[in-house]
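Enquirer: Let me give you the structure first, and then I'll get to my questions.
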Amino acid sequence: MKLELSRVIQGGARLGVLQGVGRTGQHSLKVPGCLLYTHFGTVPHLTQDTLQTVNNLPSVTQVTLSNIAEHQEVLEEFKEGFKTFAGLHNTVLYCSLHDPATRSPTGYATNKTVSVWGSGGRIELTASKFMALLKTVKPDWYQSMADGETWQTNTSRKRIRKSVDRTLAYLDECLLVHQKSQDLDGVELFGVVEGGDVMEERVRSARETAKRPVAGFCFDGLQTGSVDPALRTQLITSMTKELPEDKPRLLQGVGRPDEVLACVEAGVDLFEGFFPFQVTERGCALCFNYDVSPDPERAVLELNEEKHSAGDNVQPKGDLNCEDQTQMTSFEMNLKDKRYQDDFKSLVEGCGCYCCKNHQRAYLHHLLVTNELLAGVLLMIHNMTHYQNFFSAVREALATDKINLLKKRVNGEARNT
């Protein structure tokens, strides 16, 4: 796995391609980009056949040990690894510790163990059990064990320091097993950077993790609602200064478009693709604008606007429930609302997804209020398409120096949006 950068903007945002991804090294992933979010290898609401109707799917599929751990015996008996077990073809399998769409209970990490939570409850993992489980899963890359229970705002500095020490100790144990295991030959390991909201601990965690032979880095404990967005950006900027430029950086637990843009500018390469699922579960459709393509009719207006606002920090519009990931955001429309029962427009004008080309808002409203399963299918198709197109727009904006325009579009501050 090697990150080839084509542009680095203002020492922060990075544009490039992650090459040699997977055991065979045949896959690549454009950055900034996101992973394909799944529950036990399946995208929620979608069959494998339906999933293939979505364009620009990520080449990396994310699964979580919180979903897999309770099925270890079955996978051990199967022996062919999770990718074959789940029928995942032509994809790279990335295994993380926790499900980014749900918060795990805190207070269960020890010097020797971490806990994951499946449908049957809590499962405690030592480093040896963690690595044994990964040998059974046979991923292409995975994150190391980590004590990530410091995201709460009232966490003490002593507890944060302990989480950094524990995470580094876990990493050393995982690396020892990894380097001796033939089953994990060709598999990449990402070190986890912890430190809560304490700058010194974040820098120490990043510096020490960078000294280990890891393929990349996961930034943990910075998920939406756990830290002020401005502070998060400062922490990421400080961490990235301690990391090598040729290794990718994955941010866990952040999916809102405005926060994604801020973190991209701070130097993050990869994100988890759980946000479309959360929006779908709310009965909502993503509808924010990300179009940065040239438009002759608006060129003069935008040129004048950029001159007046050059260098300005764009603030998110209607920052509704930043701390509660279960609540609707300003980037989506609530199709359960009665005003959509007679609205016969497509969800988003110009969207090329199956849902927008074949159905109207009124039909989706009907499906939602009658609790039809098809509602989740159609919304997931649209939301995934919209989100992937957003990341394509991020890369285009970085390549054409239009990142400020994209921020205005996404936040609803540009004209005619």
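Even glycines carry a Cβ here, placed using N, Cα and C.
The shown structure was predicted, so the numbers you read here are calculated from the model rather than taken from an experiment.
Taken from TrEMBL, the feature Zn(2+) binding site applies to Cys351, Cys353, Cys356, His382. If you look up TrEMBL, you'll see 13-409 marked as domain 'tRNA-guanine(15) transglycosylase-like'.
Give me the lay of the land around each of these features.
Expert: If you take the C-beta of His382 (Zn(2+) binding site) and look for same-chain residues 6 or more apart in sequence within under 8 angstroms, you find Ala285, Leu286, Leu347, Val348, Cys351, Cys353, Cys355, Cys356.
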Enquirer: Given the recorded Zn(2+) site (Cys351, Cys353, Cys356, His382), which additional residues of the same chain have their Cβ within 8 Å of the Cβ centre, ordered by sequence?
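Expert: Filtered neighbour residues, in order: Ser346, Leu347, Val348, Gly352, Tyr354, Cys355, Lys357, Ile381, Thr385, His386.
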Enquirer: Specify the count of other C-beta atoms within 10 Å of the C-beta of Cys356 (Zn(2+) binding site).
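Expert: Total other Cβ atoms inside 10 Å, all chains included: 22.
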Enquirer: Please determine which of the binding-site residues listed here (Cys351, Cys353) has the lowest count of neighbouring CB atoms within 10 Å.
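Expert: Fewest other Cβ atoms within 10 Å, among the binding-site residues Cys351, Cys353, is found for Cys351.
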